[in-house]
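Notes follow the structure.
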Amino acid sequence: MTAPEVTAARRLGPLVLLNVATLFSATGNGIVIVALPWLVLEQTGRATDAAIVAGAATLPLLFASLFSGTVVDRFGRRATSLVSDGFSALSVSAIPIVGGTLGLSVPILAVLAALGATFDPAGISARESMLPAATKAAGWRLDRVNSLYEANYNVAYLIGPGAGGVLIALVGPESTLWLTAVCFVLSIVTIAFLRLEHAGRPDRATRPRSIWSGTLDGLRFVWRDRLLRTLALVDMVIVALYMPIESVLFPKYFTDLGEPAQLGWVLMAMSLGGLIGALAYGALAPHVRRRTLMLVAVTGLGLSMLGMAFLPPLWVLLGLGVVIGLVYGPVGPITNWAIQTRSSEHMRGRVVGVMTSTAYAAGPLGFALAGPLIDQIGIGATFFTLAIPVVAVAALCLLLPVLRELDTDRTS
């Protein structure tokens, strides 16, 4: 290998390691998305119970992600990622262990799900905060790296739910969760080899004085930036209305049909579309305005959810799942770009944490609404109840001039 080739490999190394670690960690979470609600529904058969456990897994994300960015900025990105994945591996292993010894009930599952969810946001924030430095080391454009990073997530959520659905059919949901723990361990091993600028513990002068004061700094920063504030609020509404579809509606629907593999296929279709959409963003970004892509994403999501409300045949659901992922795939890279270009290096962890927490804030509300609605009015009517407001949000976004700031780096 020549000297230039060695230099290039070294520059790309951090970006490769960061993406591989993210792939392992997100794949584990993708398995949980299928296995945990299936475990609940297998035991009780009630959508409300599945919603309770899903809500328990989501509620800690609000508080954990809110403070996670400050943890990242205070203790360092690499260390936070390692510790976060370590605790995540232990917490998810506890579910089959408790199931094999004490037995599982809805309250116990809710507690274990909450513990597992507590540690994830810090690792996510830590890895996302390292993206700009990895981009600089590789000499790539931010849009290109964000596109690949988001596509990487979709690969994980393509593999995870699919593997989860197949494993549930083969060995059951409890045993399936062991694979999640393995995924977190592999992420730890990968990050252990990562060496990157700004990945260690920050200088004392730039570290937040305390967890509380640092979190308040992050909240103030996001609220005062009108673009970040708008993106956060729109994301809150979308997450509240969309998350119950993957975590409650579809698990209930396919549980009633007795088809765990089909649940995995639909979730895989969404991730496949998201993978294509995220990768396409890297090619489209130099030519299509980010605002246009954002409007297409929200509108396409709402219309596709309306189509799903009719509970069409599986092949139609698969097609709509691909469309949802395809149109919404660019949203993650666009939001990352906004965070990266509007926050300083020493504030980035806090801004990432706050932006993540605003999305998680709406999750429990969505689950609390969806579970009882399914039991009372049925899956199809609940789909309509969730889809119509998304279409309304899309119409509102057309009227928001602040979204034009997504293209301030363009000359025309």
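Backbone N, Cα and C define each Cβ position, glycine as well.
Note that the structure is predicted; figures quoted are calculated from it, not measured.
Per TrEMBL, these features apply:
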type	residues	note
DOMAIN	228-412	domain 'Major facilitator superfamily (MFS) profile'
TRANSMEM	20-40	transmembrane segment
TRANSMEM	52-72	transmembrane segment
TRANSMEM	92-117	transmembrane segment
TRANSMEM	151-171	transmembrane segment
TRANSMEM	177-196	transmembrane segment
TRANSMEM	227-245	transmembrane segment
TRANSMEM	265-285	transmembrane segment
TRANSMEM	292-311	transmembrane segment
TRANSMEM	317-339	transmembrane segment
TRANSMEM	351-371	transmembrane segment
TRANSMEM	377-403	transmembrane segment
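Long-range contacts of the transmembrane segment (351-371) within the same chain, counting only residues at least 6 positions beyond its ends with a Cβ under 8 Å from a Cβ of the stretch, are 47-52, 54-55, 58-59, 61-63, 65-70, 72, 121, 124-125, 128-129, 215, 218-219, 221-222, 228, 231-233, 235-237, 239-244, 247-249, 335, 339, 342-343, 382, 385-386.
Of the recorded ranges 52-72, 92-117, 151-171, 317-339, the transmembrane segment (20-40) has the largest number of C-beta contacts under 8 angstroms with 151-171. Within its own chain, the transmembrane segment (151-171) is flanked in space by residues 19, 22-35, 38, 179, 260-265, 267-268, 270-272, 274-275, 277-279, 325, 329, 332, which lie at least six positions past its ends and keep a Cβ under 8 Å from the stretch. Two recorded stretches are said to be in contact when at least 3 C-beta pairs lie under 8 angstroms, sequence spacing 6 or more; the transmembrane segment (177-196) and the transmembrane segment (92-117) meet this definition. Away from its own ends, the transmembrane segment (52-72) comes close to residues 32, 36-37, 40, 80, 106, 109-111, 113-122, 124-126, 129, 208, 211, 214-215, 218-219, 243-244, 247-248, 349-354, 356-357, 360-361, 363-364, 367-368, 371 of its chain (Cβ-Cβ under 8 Å, at least six residues beyond either end). Same-chain residues lying 6+ beyond the ends of the transmembrane segment (92-117) with a Cβ under 8 Å from its Cβ atoms: 28, 32, 36, 39-40, 43-44, 49, 52-54, 56-61, 64, 174-175, 177-178, 180-181, 184. Sequence-remote contacts of a segment are chain residues at least 6 beyond its ends whose Cβ falls under 8 Å from one of its Cβ atoms, and for the transmembrane segment (292-311) they are 234, 238, 241-242, 245, 253, 281, 284, 317, 320, 323-324, 326-331, 334, 379-381, 383-384, 386-388, 390-394, 397-398, 403, 406.
Packing against the transmembrane segment (227-245) from elsewhere in the chain are residues 51, 54, 58, 221, 298, 301, 305, 308, 335, 338-339, 342, 351, 354-355, 358-363, 365-367, 369-371, 382-383, 386-387, 389-390, 393, 397, 400, 402-403, 405-406: each is 6 or more residues past its ends and has a CB under 8 Å from a CB in it. Within the model, the domain 'Major facilitator superfamily (MFS) profile' (228-412) shows a mean pLDDT value of 88, rounded to a whole number.
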